[in-house]
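The structure under discussion appears below in the form of structure tokens.
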């Protein structure tokens, strides 16, 4: 894909995610259902954090495209490294996890993750923007251009560290409020909850590996050629 086309796409994706994140974070607190508590605001939900993550990623991607267009290749190299690390370690696995886990649990029992009372507060389009569109965007990004994945150990350590931070945030909120971020967690014993978190981590790691596999399958030797090209700058 041409750099100018990529720049346009990344700019539009950034604006979209900024708009969606703005829309969900500016829902009036007085409209919230009784099941939704105030502590932590919208920032306790993985879905909302993922929207911010995607906006940051597409913003960095747009910056990389602009630097390449204006021939600032030395700066572009650094920004592209950040872009690829963001995408491989966080943007792809987290968006895939959000979409698949949400709709799986929603189909099983929506009250565990998205109570029906939220339908009167969050419009249908916004629900799909947060939980459905994130996966096609991630897949389109893999199809649009190759990404250089970090060494497997480094990538998994970074992903595991971010997962640990979010789990710690969820547990902190429970320790302060006595309420779980998601009603689903109240069904588990402490051991069961630990097993659920471990299973979720295993699933998100599998999505990391899946993204790496897709990237390699689609682009193959293009990634190696890209590495040599940047090393020669």
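Heads up, residue numbers simply count up from 1 along the chain you see.
Heads up, the Cβ atoms here are built off N, Cα and C, so glycines get one too.
Worth saying up front: this structure is predicted, and the values here are computed from it rather than measured.
Among the ranges 65-84, 125-144, the one that TrEMBL lists as transmembrane segment is 125-144.
Per TrEMBL, the listed range annotated as transmembrane segment is 7-25 (candidates: 7-25, 26-44). Remote same-chain residues near the transmembrane segment (180-208) are listed as 35, 40, 44-45, 88-89, 92-94, 96-97, 100-101, 105, 111-113, 115, 155-156, 159-160, 163, 167, 170, 173-174 (criterion: CB distance under 8 Å, separation of at least six residues from the stretch ends). Among the listed stretches 45-64, 85-105, 156-174, the one sharing the most Cβ pairs under 8 Å with the transmembrane segment (125-144) is 85-105.
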